[in-house]
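Reviewing the structure listed below.
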Amino acid sequence: MIRWKYELHSLIWLFLVLHLSKCQSDSLTTSAEQHELFAIKKDSLSPWSQILVSLPRRHPLYQSFAAKIQDVTENISDEVRDSNKTFVSSDDAPYSIRIHALRAGHRYSIAIHGQKDGSTSLIKEESVVMDPRAPDFRSMDSDIQVAEHNITMRTIKNDSYLQDSFSIEYRQINPDKKFPVLQILDIPEQKNLEFYLGNLNSGFDYSVRVIAHKDGMSSRPWISTLTTKPSPLKEVNINQNAGSCVEVSWQNDEFSGADFYTIQYSLQSTPNNSTNMTIPSTESSISICDSMLQGEAYQIIATVQKGGQVSEPLITKFQLRPLPPIDFRVRADLKRGKYKLLAELPTSSKIDKCQITVAGDEAERSVNYANIEQTKSGHKICWFNFALSPGERFDFSISSMANESASQKLQKSIVLTPAFDFNAFGLTLQESNGGIELIWPKSEVFMTRVKDIWNKVVGAESLLNMRITPIGNNDETDKTLKFETSPKNIDPVFAKNLVKGACYRVQLFTVTKTGIISETRHNETIRMSSPAVNVSLESVTRSSATLRIVFSTHHDSTSISNCQMHIVVRDMNGKSVFDKRMQLTATFAPLLNLDGLSPFHKYTVNTQIICGSGSSETPQCPAATRTMRQLSFSTRQDKPAAVQDLKVEPLNSYSVMLTWLPPALPNGILTHYAVNVTKIGSDETRTIDVGVSSNRSDHTVQVVIDELFGGHTYSFSVRAVTEAGFGENSPVVPTVSMPLMAPPVPTVAPMIMKESVGSHNMIVRFPTTMFDNRNGEIKQFAIIVSETTADESINRWIESDNGTYTWQQVQRFDVWPSYVAKLQDIQKVKQDVDVSIFEELGEDETCLEVRADRICNGPLRSASKYRVRIRLFTSPTLFTDSPPSQVMTTGSATPAIPLLTVVAVLIVIAFVGIVGTIFLFFWNRTKKARLAAAAFKNGPSKEKESQWEALKMMMAERAADCLAKLGLDATTPPPSSTTSSNSPTSTSTTMTDCGSNPHLGAPNAGGHRRTRSLRERTGVEHRLERLSSGPVHRTPLYTVVTGANTNKSRPVRIEDFADHVRLMSADSDFRFSEEYDMMRNVGVGQSVAASELPINRPKNRFTNIPSYDHSRVKLSNPNNIEGGDYINANYVPGFSSRREFIAAQGPLPTTRDHFWQMTWEQQCPAIIALTKCVEKGRDKCHQYWPDHENVPVLYGDIEVTIVAEKEFDEFVIRDIRLEKSGPDGRVTRFVRHWHYMAWPDFGAPSHPNGIIQFSRMFRHHLPHSPHNAPTIVHCSAGVGRSGTFISIDRLLQSSSFGDPIDVFGTVCEMRYERCQMVQNEQQYIFIHYCILQVLQGSSPSPTSTSTGAHHNAGFVQDGQMIVESGF
């Protein structure tokens, strides 16, 4: 069954195949896409290397097909024979098999096999000869050589290709010409193939076809168009026309073809720098006009091009003629005594030299050559000198030459004119004695030279002619004066009797004997001089003057009829006040009145006589002007105008500062000023004479008016005075109310009358001269009584030094503190009359019956010592205490202490001990709470503070009373803790807690409170003194400006500053200490990251003085080195700028170069040094400047030189030059070094005068900086002395402008920029004393205690104590 099915399937397939074959044969002619099954055909594109086998789409017997290839070529070697190959069908191309990589000309046997289920059967086998392949003459191994009449083609045959022969077909394209076909047999053993095509025409295109043949088959042809090389040009002709163009023509070979011609021309000297031109083959010439320079030597290279072939070049060299000279002229050369031919040459041509030919009637023809010169303006010239005779005719011919090629000639026939030069001949033409005179030179040597030149270029027989013709006067124009002269006769030529002021034209020229006139003439117009006049001052007043004008000599009217006088009068500012022209006549003698002049002004009179200014004058003859001698005069003085900008400013309660500017119109020399001072509300007026000198740059006059009285109002007027009298009153009459202040300190102390001293009373006497009303009228006086101890000190129980009690309030004390015994109004008394006042103390026996807070003059204690002082009042709050009287003891001795009193005292002492023990136990338990409360001002409440103060006061009072009764308070204090009794210091405090008069205070009879122990002050052991009372918050003093934020700023008006310092100094500078402690934490906690870098720590002199990051000075650091921009310095604000100063530490040896780098980069004009290099054996600052003057030292890249040095008592000033190399060269700057050496470390100078002088001198000499460059200030750490100096400088500037003085705010502001500025309390107090010293002038410096701390012993005025008043 299976076999039957297989045979049936084969029959069906055979039927289909036969049917398909019949269909394909039927449609073969109608469809190109139908292929015979398994057809073997050579590829149409590559018939020499590829065969294509067609396969059926679906074959019932085979699944795939393969084509086996075998090279069956006969008579070839095995090396040439191709290897066997097999190609199979693929899914990518299932309908054909492409056989490739076959060899041209080889015969191959191709067998097609079918495959199915592993069995293979041969389907078809056929033999095919591959087409031959023509050689490729464009390949790398090929070469085509083209000549004018032949072409040679060479290549290397491919060993694998087979051919029998080659045929070469070639023909000329245009015009068409056919050549015989070349047949060449192939020689297999010959690898190189060469074809030669001869008998060709030059310059034509040829079509070449090369075909390979094999077994009757021909290859596809190799086709190319080849061009023969054209023939070179036969000749090139070059013609230079009359212009600047060059005509280039050529002749080509008539049998040679050409597409275009190439012309390449260049200078023969620079053949590589050429210009190329392409010309169509239809042209045979070209013009070159712009690119060739006349006179240069050129070469032209001409070639013919056909296709890509170029003929042999034809080189032609030629020389262009230079351009002829533009023009020439012949002039006489007086210096050489010859005629000079000067030719101007064109710049657009090369010219080497000039050829000059000269011929005359009597002179032989001569040829000369001259070199070329170039003028400053860029023109080319040539010149030549000839020894020719003037007055004769000569023919000149000149041409340019370049490389022996001559240009066209420029010819002229010239008659040589005689020479003439007015200046060269040394002639002088001048007005003389009413005429015009021509003068020859006086020097014989010069005249010898003139005669020699005259004979050569003028002519020995030639003459000099002078013509003088009047101008502008019609009736005289024909009256020309003629004169002749020559060097043979050197007498002057004089034309006399000319009209004064008239204008004449003078002509000078030379003439030969043949009548030839010189080409050069001297023309000059001369106007005869004007008549002279004298101008004199006839009279002068304050506002007018009279001038008289007369002629110097007599003139007739005709000689001056055309002249005018121009007179101009100007004031001292150059402004014209009189300007007038007047016609001159023979009788001209006017008087000129000048009115409206200003008093005491200088005037100048300028007079000119102008002749020839009429309308009939010609512009050729300008007017003649004669200037007369200038006359000056001054008007008389007058009363001055009012002064300007009158201002008044009170200085204190009894003096003012009056300022004004001088009058705008002084109207004379000011002798003085009269100042009228009037007290408002009275007829009292006084006049003060003030000098006119002023040492200020703005000429402001300043005067201090004294002897005024506080509390009164005054008006001021100022008048300037000249010798003419008093000027006007000032338009503004300023008034000022004098401030009311505490009375001046009396110079005398009250005196207790010894004979009046009793057991309970005494009489005190004091003069009325202590009632000084300068600071205001004294309204009251009070008598202050103080009991003293055995050492004559005053009981200090009351907290305030100025606080006082009443008589009844002091009864509870064993030693009475100060109390007011009497308060009495003062009647007006004359201060210059010495009248004594007597007052009895202790006269009132009824004081126990009145209220305790009432003032009462109760009995004194017997056998007790007392001091008395007088308190003077200008108002209830303004008072001053006199010095205390001598100590006086009342009568009768103190009785013995009874036994019961001693027992009572012992009981009190035991009670005090028990209370103290209980308190100490409580103190230890609350220690932490107290420490926390002490860190803040707003800690414990005021109520607890008052309770604790009351407890301490009560315990100290009881102990003092007991010890006093036992006689244990008589211990003498150490010498260092006491001060003289006549120099106490007091403060103003209102005692509201003791019930005393709030307007009365008690003076402090002791010295500095901090230097005395509690036992010395109260008789109690010092251990009680150490008991803390917590932070005490004090309200700012009344002297601080109201409304200020007292946590950051405490400004004080200038007029209140003295009182402010006194109040701050009271109680041993307690308020100074309290205020300084408030700034302890200002600025603390700000970032100091740069200072704490490990690489920067060695750059800090002190580890606790870092540099704040936000304000530190940064050095330039171009290489970005870590820490390279760090220096321990900060910007600190001053008066004028936020960065007016740089506060820096004293340089270390390792930071010295950084210090100078900072100085250079910040462009600092000055350096302030406030420390010595070594103090007390310790290094405080490295010496960063050179040791010797004018010896440069290099610090880093900055050269430092001291150019000058000046020493003072306390400081040294050095001028230092800094030099540094930069991109623009070496840059030089100057820095002034201020070195103050009298300032101790951690302290203050002993006296402010030195540092004030130093600060003022620095500020006066500080140069102006256009960049607002900062000044460097340093000490050792750069905080203490540096901060103090900056504060002083800033506050002195502020006070000079009248601004409030804010020491507290200034220091706070600095501490925000650099830590610990103003390092201790002593320096803080010193700032106040410096400012006060400047404001008051006479105040002495603060002194120092034995411990070295700042000590305030009080201010001294007029040699006496100042006692400050309370609120």
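Just so it is clear, glycine is given a Cβ too, placed from its N, Cα and C backbone atoms.
Pulled from Swiss-Prot, these are the features on record:
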SIGNAL    1-25  signal peptide
TOPO_DOM  26-901  topological domain 'Extracellular'
CARBOHYD  Asn75  N-linked glycosylation site
CARBOHYD  Asn84  N-linked glycosylation site
CARBOHYD  Asn150  N-linked glycosylation site
CARBOHYD  Asn158  N-linked glycosylation site
DOMAIN    229-325  domain 'Fibronectin type-III 1'
CARBOHYD  Asn273  N-linked glycosylation site
CARBOHYD  Asn276  N-linked glycosylation site
CARBOHYD  Asn403  N-linked glycosylation site
CARBOHYD  Asn523  N-linked glycosylation site
DOMAIN    531-630  domain 'Fibronectin type-III 2'
CARBOHYD  Asn534  N-linked glycosylation site
DOMAIN    642-740  domain 'Fibronectin type-III 3'
CARBOHYD  Asn676  N-linked glycosylation site
CARBOHYD  Asn695  N-linked glycosylation site
CARBOHYD  Asn802  N-linked glycosylation site
TRANSMEM  902-922  transmembrane segment
TOPO_DOM  923-1367  topological domain 'Cytoplasmic'
REGION    967-1016  region 'Disordered'
COMPBIAS  977-990  compositional bias 'Low complexity'
Looking at the glycosylation sites Asn75, Asn158, Asn534, Asn676, which has the shortest Cα distance to Asn403 (N-linked glycosylation site)?
Asn158
Pop the Cα-Cα gap between Asn676 (N-linked glycosylation site) and Asn273 (N-linked glycosylation site) into the table, whole Å please.
100
Nearest-integer angstrom distance between the alpha carbons (Cα) of Asn676 (N-linked glycosylation site) and Asn523 (N-linked glycosylation site):
77
Which site among Asn75, Asn84, Asn150, Asn523 has the most other CB atoms no more than 10 Å from its CB, taking these as glycosylation sites?
Asn150
Counting other CB atoms within 10 A of each CB, which of the glycosylation sites Asn158, Asn273, Asn403, Asn676 comes out lowest?
Asn273
Of the glycosylation sites listed here (Asn84, Asn150, Asn158, Asn534), which is spatially closest to Asn276 (N-linked glycosylation site) when Cα positions are compared?
Asn150
Cα separation, Asn84 (N-linked glycosylation site) to Asn534 (N-linked glycosylation site) (Å, whole number)
142
Express the distance between the Cα positions of Asn84 (N-linked glycosylation site) and Asn158 (N-linked glycosylation site) as a whole number of Å.
20
If you count Cβ atoms within 10 Å of each one, which of the glycosylation sites Asn276, Asn534 comes out on top?
Asn534
With DSSP as the yardstick, break the domain 'Fibronectin type-III 3' (642-740) down into helix, strand and coil residue counts.
0 helix, 47 strand, 52 coil
Find the shortest Cα-Cα separation between Asn75 (N-linked glycosylation site) and the glycosylation sites Asn150, Asn158, Asn523, and name the residue that gives it.
Asn158
Cα distance (Å, whole number) from Asn158 (N-linked glycosylation site) to Asn150 (N-linked glycosylation site):
26
Using the alpha carbons only, what distance in Å do you get between Asn523 (N-linked glycosylation site) and Asn158 (N-linked glycosylation site) once rounded?
105
Simplified DSSP label at Asn158 (N-linked glycosylation site) comes out coil
